[in-house]
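Have a look at the structure below before the remarks.
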Amino acid sequence: SVLGLSLVSSKMAERRRVDYSVHRDVMHKETVDNVFNPIHNTTTVREKVQKSVSCSGPRAKKCLVGSVPVVSWLPRYSFRENILGDIISGISVGIMHLPQGMAYAILASVPAVYGLYSSFYPVLVYFIFGTSKHISVGTYAVMSVMIGGVTERLAPDSAFSVFDNVTGEAIINTTLRDVERVKVAAAVTFLSGIFQVLLGLVQFGFVVMYLSEPLVRGYTTGAAIHVIVSQLKYTFGISPTRFSGPLALIYTVLEICSLLPKTNLGTLVVSAVSIVCLILAKELNAYLGKRLPVPIPVELLGIVVATVVSWQVDLNGRYGIDVVGGIPSGLQPPALPKVSLFSQVIGDAFAISVVGYGLAISLGRIFALKYGYKVDSNQELIAFGLSNTFGGIFQCFAISCSMSRSMVQVSTGGRSQVAGALSAVVILVITMWIGQLFEDLPKAMLAAIIYVNLQGIMKQFMDIPALWRNMYNKTLVLTQLPTYSLLGQIPDTDIYRPLNSYEQVQSLEHLQSHLDFLESNCNTTGITNNFTIFELQ
(Lines of atoms letter the chains of each structure in order from A and count residues from 1; the text may use other names and numbers.)
(Lines give C-alpha, C1' and ligand atoms only; values in the text may rest on other atoms or scores of the structure.)
Protein backbone atom coordinates (compact mmCIF):
# COMPACT_ATOMS: atom_id res chain seq x y z
CA SER A 1 0.00 0.00 0.00
CA VAL A 2 2.90 2.31 0.71
CA LEU A 3 4.34 1.57 -2.73
CA GLY A 4 0.99 2.27 -4.36
CA LEU A 5 0.73 5.61 -2.61
CA SER A 6 4.22 6.51 -3.75
CA LEU A 7 3.39 5.69 -7.38
CA VAL A 8 0.21 7.77 -7.19
CA SER A 9 2.14 10.66 -5.65
CA SER A 10 4.82 10.51 -8.33
CA LYS A 11 2.22 10.44 -11.09
CA MET A 12 0.44 13.43 -9.57
CA ALA A 13 3.75 15.28 -9.34
CA GLU A 14 4.51 14.52 -13.00
CA ARG A 15 1.05 15.77 -13.95
CA ARG A 16 1.63 19.02 -12.11
CA ARG A 17 5.00 19.46 -13.91
CA VAL A 18 3.45 19.26 -17.38
CA ASP A 19 3.98 22.49 -19.28
CA TYR A 20 1.13 23.93 -21.27
CA SER A 21 1.47 26.19 -24.28
CA VAL A 22 -1.57 28.04 -25.62
CA HIS A 23 -1.43 29.80 -28.97
CA ARG A 24 -4.22 32.08 -30.15
CA ASP A 25 -4.67 35.25 -32.06
CA VAL A 26 -4.91 38.48 -30.12
CA MET A 27 -8.49 39.70 -30.33
CA HIS A 28 -9.67 43.12 -29.30
CA LYS A 29 -13.11 43.78 -27.90
CA GLU A 30 -14.19 45.34 -31.20
CA THR A 31 -13.21 42.16 -33.06
CA VAL A 32 -15.14 39.98 -30.61
CA ASP A 33 -18.20 42.20 -30.99
CA ASN A 34 -18.07 42.00 -34.80
CA VAL A 35 -17.64 38.22 -34.94
CA PHE A 36 -19.84 36.88 -32.15
CA ASN A 37 -22.90 39.16 -32.33
CA PRO A 38 -23.33 40.96 -28.98
CA ILE A 39 -26.83 41.17 -27.53
CA HIS A 40 -28.02 44.73 -27.07
CA ASN A 41 -30.67 45.38 -24.45
CA THR A 42 -33.13 47.74 -26.11
CA THR A 43 -35.67 48.13 -23.32
CA THR A 44 -37.22 51.57 -23.68
CA VAL A 45 -38.14 53.90 -20.87
CA ARG A 46 -41.79 53.38 -21.70
CA GLU A 47 -41.45 49.61 -21.33
CA LYS A 48 -39.68 50.04 -18.00
CA VAL A 49 -42.46 52.31 -16.74
CA GLN A 50 -45.15 49.90 -17.93
CA LYS A 51 -43.41 47.04 -16.18
CA SER A 52 -43.07 49.01 -12.95
CA VAL A 53 -46.75 50.04 -12.84
CA SER A 54 -48.20 46.80 -14.11
CA CYS A 55 -50.27 44.91 -11.56
CA SER A 56 -51.02 41.21 -11.34
CA GLY A 57 -52.28 38.94 -8.60
CA PRO A 58 -48.87 37.58 -7.52
CA ARG A 59 -47.28 41.00 -7.77
CA ALA A 60 -50.04 42.62 -5.69
CA LYS A 61 -49.62 39.91 -3.04
CA LYS A 62 -45.86 40.40 -3.00
CA CYS A 63 -46.31 44.16 -2.69
CA LEU A 64 -48.72 43.73 0.22
CA VAL A 65 -46.45 41.33 2.06
CA GLY A 66 -43.46 43.60 1.48
CA SER A 67 -45.26 46.75 2.61
CA VAL A 68 -47.03 45.18 5.61
CA PRO A 69 -44.61 42.51 6.90
CA VAL A 70 -46.90 41.46 9.76
CA VAL A 71 -49.18 39.85 7.14
CA SER A 72 -46.30 37.53 6.24
CA TRP A 73 -44.83 36.51 9.59
CA LEU A 74 -47.76 36.65 12.03
CA PRO A 75 -49.76 33.74 10.46
CA ARG A 76 -46.59 31.62 10.74
CA TYR A 77 -45.91 32.68 14.33
CA SER A 78 -45.15 29.67 16.54
CA PHE A 79 -46.95 30.17 19.85
CA ARG A 80 -45.46 27.04 21.39
CA GLU A 81 -41.86 28.11 20.74
CA ASN A 82 -42.02 31.89 21.04
CA ILE A 83 -44.93 33.14 23.14
CA LEU A 84 -43.43 32.57 26.61
CA GLY A 85 -40.18 34.34 25.76
CA ASP A 86 -42.02 37.19 24.07
CA ILE A 87 -44.33 37.67 27.08
CA ILE A 88 -41.43 37.82 29.56
CA SER A 89 -39.47 40.09 27.23
CA GLY A 90 -42.45 42.37 26.56
CA ILE A 91 -43.15 42.89 30.27
CA SER A 92 -39.48 43.52 31.02
CA VAL A 93 -39.08 46.05 28.22
CA GLY A 94 -42.41 47.70 29.09
CA ILE A 95 -41.19 48.24 32.64
CA MET A 96 -38.06 49.90 31.23
CA HIS A 97 -40.17 52.13 28.99
CA LEU A 98 -41.73 53.82 32.02
CA PRO A 99 -38.63 55.48 33.56
CA GLN A 100 -36.87 56.00 30.23
CA GLY A 101 -39.93 57.47 28.56
CA MET A 102 -40.45 59.96 31.38
CA ALA A 103 -36.75 60.83 31.51
CA TYR A 104 -36.41 61.36 27.77
CA ALA A 105 -39.57 63.45 27.71
CA ILE A 106 -37.90 65.85 30.14
CA LEU A 107 -34.91 65.76 27.81
CA ALA A 108 -37.21 66.75 24.93
CA SER A 109 -38.54 69.64 27.06
CA VAL A 110 -42.12 68.34 27.14
CA PRO A 111 -44.15 66.98 30.11
CA ALA A 112 -43.19 63.49 31.24
CA VAL A 113 -46.46 61.86 30.21
CA TYR A 114 -45.68 62.48 26.54
CA GLY A 115 -42.75 60.11 26.90
CA LEU A 116 -45.28 57.41 27.77
CA TYR A 117 -47.34 58.26 24.69
CA SER A 118 -44.17 58.02 22.60
CA SER A 119 -43.56 54.56 24.05
CA PHE A 120 -47.03 53.37 23.03
CA TYR A 121 -48.31 54.56 19.64
CA PRO A 122 -45.10 54.29 17.58
CA VAL A 123 -44.34 50.83 19.00
CA LEU A 124 -47.69 49.48 17.78
CA VAL A 125 -47.17 50.97 14.31
CA TYR A 126 -43.69 49.44 14.07
CA PHE A 127 -45.13 46.07 15.09
CA ILE A 128 -47.18 46.15 11.87
CA PHE A 129 -44.66 47.60 9.43
CA GLY A 130 -41.19 46.83 10.87
CA THR A 131 -38.87 44.01 9.84
CA SER A 132 -36.46 43.76 12.79
CA LYS A 133 -37.37 41.15 15.39
CA HIS A 134 -35.18 42.36 18.21
CA ILE A 135 -34.82 46.14 18.39
CA SER A 136 -36.85 47.99 21.00
CA VAL A 137 -38.53 50.96 19.34
CA GLY A 138 -39.39 54.01 21.42
CA THR A 139 -37.79 56.99 23.08
CA TYR A 140 -34.04 57.49 22.81
CA ALA A 141 -31.71 60.08 24.32
CA VAL A 142 -30.17 61.31 21.08
CA MET A 143 -33.55 61.88 19.44
CA SER A 144 -34.93 63.54 22.55
CA VAL A 145 -32.09 66.05 22.79
CA MET A 146 -32.61 66.97 19.11
CA ILE A 147 -36.33 67.48 19.75
CA GLY A 148 -35.53 69.47 22.88
CA GLY A 149 -33.32 71.82 20.90
CA VAL A 150 -36.22 72.60 18.55
CA THR A 151 -38.87 73.00 21.26
CA GLU A 152 -36.71 75.31 23.37
CA ARG A 153 -35.78 77.38 20.34
CA LEU A 154 -39.34 77.94 19.14
CA ALA A 155 -40.97 78.06 22.57
CA PRO A 156 -38.37 79.58 24.94
CA ASP A 157 -39.11 80.41 28.54
CA SER A 158 -38.75 84.12 27.80
CA ALA A 159 -41.79 84.01 25.49
CA PHE A 160 -44.02 82.95 28.40
CA SER A 161 -42.70 85.25 31.11
CA VAL A 162 -45.39 87.22 32.97
CA PHE A 163 -45.21 89.75 35.81
CA ASP A 164 -46.42 88.57 39.20
CA ASN A 165 -48.12 91.42 41.06
CA VAL A 166 -47.75 89.62 44.39
CA THR A 167 -44.02 88.98 44.37
CA GLY A 168 -43.11 91.77 41.99
CA GLU A 169 -41.04 89.34 39.91
CA ALA A 170 -41.35 87.82 36.47
CA ILE A 171 -42.55 84.21 36.44
CA ILE A 172 -42.94 81.72 33.63
CA ASN A 173 -46.37 80.41 32.66
CA THR A 174 -45.29 76.77 32.40
CA THR A 175 -48.77 75.59 31.39
CA LEU A 176 -48.89 77.66 28.20
CA ARG A 177 -45.21 76.99 27.53
CA ASP A 178 -45.66 73.21 27.73
CA VAL A 179 -48.71 73.31 25.46
CA GLU A 180 -46.75 75.18 22.80
CA ARG A 181 -43.72 72.92 23.16
CA VAL A 182 -45.88 69.84 22.67
CA LYS A 183 -47.21 71.37 19.44
CA VAL A 184 -43.68 72.04 18.22
CA ALA A 185 -42.53 68.50 19.09
CA ALA A 186 -45.55 66.98 17.35
CA ALA A 187 -45.00 69.11 14.23
CA VAL A 188 -41.32 68.24 13.85
CA THR A 189 -42.06 64.56 14.56
CA PHE A 190 -44.86 64.43 11.98
CA LEU A 191 -42.71 66.13 9.34
CA SER A 192 -39.72 63.87 10.04
CA GLY A 193 -42.02 60.88 9.58
CA ILE A 194 -43.16 62.24 6.20
CA PHE A 195 -39.51 62.58 5.17
CA GLN A 196 -38.78 59.01 6.19
CA VAL A 197 -41.74 57.61 4.27
CA LEU A 198 -40.76 59.53 1.14
CA LEU A 199 -37.14 58.40 1.44
CA GLY A 200 -38.29 54.82 1.82
CA LEU A 201 -40.50 55.02 -1.26
CA VAL A 202 -37.58 56.27 -3.39
CA GLN A 203 -35.38 53.42 -2.08
CA PHE A 204 -33.12 55.65 -0.02
CA GLY A 205 -32.19 52.72 2.21
CA PHE A 206 -28.91 52.30 0.34
CA VAL A 207 -27.53 55.16 2.46
CA VAL A 208 -26.95 52.58 5.18
CA MET A 209 -23.88 51.49 3.17
CA TYR A 210 -22.23 54.79 4.06
CA LEU A 211 -23.06 54.71 7.78
CA SER A 212 -19.78 53.33 9.02
CA GLU A 213 -19.43 52.26 12.64
CA PRO A 214 -16.99 55.08 13.54
CA LEU A 215 -19.46 57.60 12.07
CA VAL A 216 -22.40 56.34 14.10
CA ARG A 217 -20.38 55.93 17.30
CA GLY A 218 -18.83 59.37 16.91
CA TYR A 219 -22.19 61.03 16.38
CA THR A 220 -23.82 59.31 19.35
CA THR A 221 -20.88 60.20 21.57
CA GLY A 222 -21.12 63.86 20.60
CA ALA A 223 -24.87 63.82 21.16
CA ALA A 224 -24.35 62.22 24.57
CA ILE A 225 -22.24 65.20 25.63
CA HIS A 226 -25.08 67.55 24.67
CA VAL A 227 -27.51 65.34 26.61
CA ILE A 228 -25.39 65.45 29.76
CA VAL A 229 -24.97 69.22 29.62
CA SER A 230 -28.71 69.70 29.10
CA GLN A 231 -29.46 67.71 32.27
CA LEU A 232 -27.06 69.55 34.57
CA LYS A 233 -29.78 72.08 35.43
CA TYR A 234 -31.84 69.30 37.00
CA THR A 235 -28.82 67.96 38.86
CA PHE A 236 -27.94 71.30 40.48
CA GLY A 237 -31.42 72.77 40.65
CA ILE A 238 -30.56 75.88 38.62
CA SER A 239 -32.10 77.68 35.64
CA PRO A 240 -29.40 78.60 33.08
CA THR A 241 -30.11 80.71 30.03
CA ARG A 242 -30.54 78.73 26.82
CA PHE A 243 -28.05 79.45 24.03
CA SER A 244 -28.22 78.57 20.35
CA GLY A 245 -25.90 78.71 17.39
CA PRO A 246 -22.14 78.01 17.21
CA LEU A 247 -20.38 77.35 20.53
CA ALA A 248 -23.76 77.15 22.30
CA LEU A 249 -22.56 74.14 24.28
CA ILE A 250 -19.55 76.03 25.62
CA TYR A 251 -21.65 79.07 26.52
CA THR A 252 -24.10 76.80 28.35
CA VAL A 253 -21.31 75.18 30.37
CA LEU A 254 -19.93 78.59 31.31
CA GLU A 255 -23.41 79.74 32.32
CA ILE A 256 -23.88 76.67 34.50
CA CYS A 257 -20.51 77.23 36.16
CA SER A 258 -21.48 80.81 36.98
CA LEU A 259 -24.71 79.58 38.61
CA LEU A 260 -23.11 76.86 40.75
CA PRO A 261 -23.16 79.10 43.89
CA LYS A 262 -26.97 79.04 43.59
CA THR A 263 -27.11 75.23 43.62
CA ASN A 264 -30.07 73.68 45.45
CA LEU A 265 -28.30 71.37 47.90
CA GLY A 266 -31.36 69.14 48.28
CA THR A 267 -31.49 68.57 44.52
CA LEU A 268 -27.75 67.87 44.40
CA VAL A 269 -28.04 65.30 47.20
CA VAL A 270 -30.92 63.53 45.45
CA SER A 271 -28.93 63.46 42.21
CA ALA A 272 -25.75 62.11 43.81
CA VAL A 273 -27.57 59.41 45.78
CA SER A 274 -29.61 58.39 42.74
CA ILE A 275 -26.55 58.11 40.46
CA VAL A 276 -24.54 56.07 42.98
CA CYS A 277 -27.44 53.71 43.72
CA LEU A 278 -28.24 53.19 40.03
CA ILE A 279 -24.63 52.43 39.13
CA LEU A 280 -24.22 49.96 42.01
CA ALA A 281 -27.53 48.28 41.20
CA LYS A 282 -26.64 47.95 37.51
CA GLU A 283 -23.25 46.45 38.39
CA LEU A 284 -25.00 43.97 40.66
CA ASN A 285 -27.42 43.23 37.84
CA ALA A 286 -24.53 42.51 35.50
CA TYR A 287 -22.79 40.32 38.10
CA LEU A 288 -25.93 38.24 38.70
CA GLY A 289 -27.02 38.31 35.07
CA LYS A 290 -26.45 34.63 34.35
CA ARG A 291 -28.12 33.53 37.59
CA LEU A 292 -31.32 35.54 37.18
CA PRO A 293 -34.11 34.55 34.76
CA VAL A 294 -34.83 38.23 34.06
CA PRO A 295 -32.80 41.36 34.89
CA ILE A 296 -33.68 43.33 38.01
CA PRO A 297 -35.77 46.38 36.95
CA VAL A 298 -33.29 48.81 38.47
CA GLU A 299 -34.74 51.98 36.96
CA LEU A 300 -38.31 51.08 37.92
CA LEU A 301 -37.28 50.39 41.50
CA GLY A 302 -35.37 53.67 41.51
CA ILE A 303 -38.31 55.82 40.45
CA VAL A 304 -40.66 53.99 42.84
CA VAL A 305 -38.35 54.59 45.81
CA ALA A 306 -37.66 58.19 44.79
CA THR A 307 -41.38 58.89 44.39
CA VAL A 308 -42.27 57.39 47.78
CA VAL A 309 -39.50 59.33 49.55
CA SER A 310 -40.46 62.56 47.79
CA TRP A 311 -44.12 62.10 48.73
CA GLN A 312 -43.44 61.23 52.35
CA VAL A 313 -40.82 63.95 52.96
CA ASP A 314 -42.46 66.56 50.67
CA LEU A 315 -39.20 67.31 48.87
CA ASN A 316 -40.84 69.90 46.64
CA GLY A 317 -42.52 71.85 49.40
CA ARG A 318 -39.77 71.72 52.03
CA TYR A 319 -36.61 71.81 49.95
CA GLY A 320 -37.73 73.26 46.62
CA ILE A 321 -36.74 70.14 44.67
CA ASP A 322 -38.36 70.15 41.23
CA VAL A 323 -40.74 67.23 40.62
CA VAL A 324 -42.54 65.86 37.56
CA GLY A 325 -45.90 67.35 38.49
CA GLY A 326 -49.35 66.52 37.12
CA ILE A 327 -49.63 63.38 34.97
CA PRO A 328 -53.05 63.08 33.35
CA SER A 329 -54.53 59.60 33.09
CA GLY A 330 -55.76 58.19 29.79
CA LEU A 331 -54.70 58.90 26.23
CA GLN A 332 -54.78 62.10 24.22
CA PRO A 333 -57.22 62.41 21.28
CA PRO A 334 -55.60 62.68 17.84
CA ALA A 335 -54.97 66.16 16.46
CA LEU A 336 -53.33 67.33 13.26
CA PRO A 337 -49.98 69.06 13.77
CA LYS A 338 -49.70 72.81 13.50
CA VAL A 339 -48.93 73.28 9.81
CA SER A 340 -47.71 76.84 10.30
CA LEU A 341 -44.69 75.44 12.17
CA PHE A 342 -43.49 73.27 9.28
CA SER A 343 -41.48 76.00 7.59
CA GLN A 344 -39.60 76.65 10.85
CA VAL A 345 -38.74 73.02 11.58
CA ILE A 346 -38.19 71.54 8.10
CA GLY A 347 -34.40 71.42 8.45
CA ASP A 348 -34.57 69.91 11.93
CA ALA A 349 -37.15 67.38 10.76
CA PHE A 350 -34.93 66.13 7.94
CA ALA A 351 -31.92 65.81 10.24
CA ILE A 352 -34.00 63.93 12.82
CA SER A 353 -35.37 61.58 10.14
CA VAL A 354 -31.90 60.62 8.90
CA VAL A 355 -30.31 60.32 12.34
CA GLY A 356 -33.17 58.29 13.80
CA TYR A 357 -33.14 55.90 10.86
CA GLY A 358 -29.36 55.58 10.91
CA LEU A 359 -29.27 54.63 14.58
CA ALA A 360 -32.09 52.11 14.23
CA ILE A 361 -30.89 50.38 11.06
CA SER A 362 -27.35 50.06 12.42
CA LEU A 363 -28.59 48.23 15.51
CA GLY A 364 -31.15 46.25 13.51
CA ARG A 365 -28.50 44.94 11.13
CA ILE A 366 -26.36 43.78 14.05
CA PHE A 367 -29.17 41.64 15.46
CA ALA A 368 -30.21 40.41 12.01
CA LEU A 369 -26.67 39.23 11.28
CA LYS A 370 -26.42 37.54 14.67
CA TYR A 371 -29.73 35.67 14.45
CA GLY A 372 -29.76 34.92 10.74
CA TYR A 373 -32.53 36.94 9.15
CA LYS A 374 -32.76 39.95 6.85
CA VAL A 375 -33.73 43.51 7.69
CA ASP A 376 -35.17 45.46 4.74
CA SER A 377 -33.53 48.88 4.93
CA ASN A 378 -36.15 50.59 2.74
CA GLN A 379 -39.05 49.02 4.62
CA GLU A 380 -37.46 50.14 7.89
CA LEU A 381 -37.51 53.72 6.61
CA ILE A 382 -41.21 53.40 5.86
CA ALA A 383 -41.91 51.72 9.21
CA PHE A 384 -40.19 54.44 11.22
CA GLY A 385 -41.77 57.08 9.00
CA LEU A 386 -45.28 55.79 9.68
CA SER A 387 -44.45 55.43 13.39
CA ASN A 388 -43.40 59.07 13.59
CA THR A 389 -46.26 60.28 11.38
CA PHE A 390 -48.93 58.62 13.49
CA GLY A 391 -47.00 59.54 16.62
CA GLY A 392 -47.05 63.22 15.63
CA ILE A 393 -50.83 63.05 15.29
CA PHE A 394 -51.07 61.69 18.85
CA GLN A 395 -48.66 64.29 20.33
CA CYS A 396 -45.63 62.00 20.50
CA PHE A 397 -42.05 63.06 19.85
CA ALA A 398 -39.63 61.40 17.40
CA ILE A 399 -38.49 57.88 18.21
CA SER A 400 -35.70 55.51 17.26
CA CYS A 401 -34.46 52.43 19.10
CA SER A 402 -32.61 51.97 22.38
CA MET A 403 -29.57 49.75 22.79
CA SER A 404 -30.25 49.08 26.49
CA ARG A 405 -33.89 48.09 25.95
CA SER A 406 -32.98 46.02 22.89
CA MET A 407 -30.38 44.09 24.87
CA VAL A 408 -32.95 43.39 27.60
CA GLN A 409 -35.47 42.30 24.96
CA VAL A 410 -32.98 39.80 23.55
CA SER A 411 -31.60 38.57 26.88
CA THR A 412 -35.07 37.88 28.31
CA GLY A 413 -36.07 35.66 25.40
CA GLY A 414 -37.75 38.01 22.93
CA ARG A 415 -37.92 36.40 19.49
CA SER A 416 -40.24 38.57 17.43
CA GLN A 417 -42.05 41.90 17.17
CA VAL A 418 -44.71 40.47 19.48
CA ALA A 419 -42.46 41.38 22.43
CA GLY A 420 -42.57 45.02 21.34
CA ALA A 421 -46.34 44.96 21.04
CA LEU A 422 -46.66 43.50 24.54
CA SER A 423 -44.38 46.21 25.93
CA ALA A 424 -46.81 48.76 24.44
CA VAL A 425 -49.65 47.04 26.29
CA VAL A 426 -47.71 47.44 29.55
CA ILE A 427 -47.31 51.17 28.83
CA LEU A 428 -51.03 51.42 28.06
CA VAL A 429 -51.90 49.98 31.47
CA ILE A 430 -49.47 52.38 33.17
CA THR A 431 -50.81 55.38 31.25
CA MET A 432 -54.44 54.58 31.96
CA TRP A 433 -54.25 53.76 35.68
CA ILE A 434 -50.80 54.04 37.25
CA GLY A 435 -49.15 57.16 35.82
CA GLN A 436 -50.64 59.57 38.37
CA LEU A 437 -48.75 57.82 41.17
CA PHE A 438 -45.47 59.31 39.89
CA GLU A 439 -46.41 62.99 40.12
CA ASP A 440 -44.01 63.48 43.08
CA LEU A 441 -41.04 61.92 41.25
CA PRO A 442 -38.02 64.30 41.42
CA LYS A 443 -36.67 65.35 38.02
CA ALA A 444 -33.20 64.86 39.45
CA MET A 445 -33.94 61.13 39.52
CA LEU A 446 -34.84 61.18 35.83
CA ALA A 447 -31.61 63.05 35.08
CA ALA A 448 -29.70 60.38 37.00
CA ILE A 449 -31.33 57.66 34.88
CA ILE A 450 -30.16 59.48 31.75
CA TYR A 451 -26.60 59.80 33.04
CA VAL A 452 -26.32 56.14 33.93
CA ASN A 453 -27.81 54.98 30.61
CA LEU A 454 -25.25 57.08 28.76
CA GLN A 455 -22.22 55.54 30.44
CA GLY A 456 -21.96 52.92 27.70
CA ILE A 457 -21.92 55.60 25.01
CA MET A 458 -19.34 57.65 26.88
CA LYS A 459 -17.04 54.63 26.96
CA GLN A 460 -16.77 55.06 23.20
CA PHE A 461 -14.11 57.67 23.90
CA MET A 462 -11.84 54.64 24.29
CA ASP A 463 -12.12 54.19 20.51
CA ILE A 464 -9.97 57.27 19.90
CA PRO A 465 -6.53 55.58 20.20
CA ALA A 466 -7.49 52.80 17.78
CA LEU A 467 -9.02 55.24 15.33
CA TRP A 468 -5.94 57.44 15.52
CA ARG A 469 -3.67 54.49 14.69
CA ASN A 470 -5.85 53.59 11.71
CA MET A 471 -6.23 57.14 10.45
CA TYR A 472 -3.48 56.74 7.86
CA ASN A 473 -4.61 53.28 6.71
CA LYS A 474 -6.05 54.44 3.39
CA THR A 475 -8.27 51.75 1.88
CA LEU A 476 -9.23 52.39 -1.70
CA VAL A 477 -12.89 52.13 -2.57
CA LEU A 478 -12.82 50.29 -5.89
CA THR A 479 -16.52 50.29 -6.69
CA GLN A 480 -19.96 51.14 -5.32
CA LEU A 481 -23.07 49.16 -6.18
CA PRO A 482 -21.19 46.60 -8.30
CA THR A 483 -22.84 44.36 -10.90
CA TYR A 484 -21.86 40.78 -11.67
CA SER A 485 -22.03 38.70 -14.86
CA LEU A 486 -21.89 34.94 -15.37
CA LEU A 487 -19.20 34.23 -17.96
CA GLY A 488 -19.14 31.68 -20.75
CA GLN A 489 -16.52 30.57 -23.27
CA ILE A 490 -16.34 31.90 -26.80
CA PRO A 491 -16.07 28.79 -29.05
CA ASP A 492 -12.57 27.65 -29.97
CA THR A 493 -10.95 30.32 -27.79
CA ASP A 494 -10.03 30.78 -24.18
CA ILE A 495 -11.87 34.09 -24.07
CA TYR A 496 -14.69 34.38 -21.53
CA ARG A 497 -17.44 36.94 -21.91
CA PRO A 498 -20.83 37.50 -20.17
CA LEU A 499 -23.46 34.94 -21.23
CA ASN A 500 -26.14 37.60 -21.61
CA SER A 501 -23.97 39.76 -23.85
CA TYR A 502 -23.14 37.44 -26.79
CA GLU A 503 -25.25 34.98 -28.77
CA GLN A 504 -22.54 32.37 -29.38
CA VAL A 505 -21.03 32.26 -25.90
CA GLN A 506 -21.22 28.76 -24.38
CA SER A 507 -21.79 28.04 -20.70
CA LEU A 508 -19.21 26.07 -18.79
CA GLU A 509 -21.37 23.08 -17.98
CA HIS A 510 -19.10 20.78 -20.01
CA LEU A 511 -16.24 21.68 -17.66
CA GLN A 512 -18.27 20.46 -14.71
CA SER A 513 -18.10 16.87 -15.97
CA HIS A 514 -14.32 17.09 -16.16
CA LEU A 515 -14.18 18.29 -12.56
CA ASP A 516 -16.46 15.49 -11.42
CA PHE A 517 -14.27 12.95 -13.24
CA LEU A 518 -11.12 14.36 -11.68
CA GLU A 519 -12.61 14.32 -8.22
CA SER A 520 -13.92 10.75 -8.50
CA ASN A 521 -10.71 9.28 -9.94
CA CYS A 522 -8.12 11.17 -7.90
CA ASN A 523 -10.11 11.03 -4.65
CA THR A 524 -9.07 14.61 -3.88
CA THR A 525 -10.71 17.13 -1.64
CA GLY A 526 -11.07 20.84 -1.87
CA ILE A 527 -12.24 20.86 -5.52
CA THR A 528 -15.34 22.95 -6.01
CA ASN A 529 -18.54 21.20 -7.14
CA ASN A 530 -19.68 24.11 -9.26
CA PHE A 531 -17.33 25.65 -11.79
CA THR A 532 -18.52 29.19 -12.39
CA ILE A 533 -16.69 32.27 -13.55
CA PHE A 534 -17.94 35.73 -12.63
CA GLU A 535 -16.87 39.09 -13.92
CA LEU A 536 -17.04 42.14 -11.64
CA GLN A 537 -18.09 45.18 -13.63
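In case you wondered, yes, glycine gets a Cβ from its N, Cα and C as well.
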Between 295-319, 345-369, which stretch does TrEMBL give the note transmembrane segment?
345-369
Considering only Cβ pairs within less than 8 angstroms, which of the stretches 102-129, 263-281, 345-369, 381-399, 419-438 has the most against the transmembrane segment (184-211)?
381-399
Confidence summary for the domain 'SLC26A/SulP transporter' (84-469), mean pLDDT rounded
91
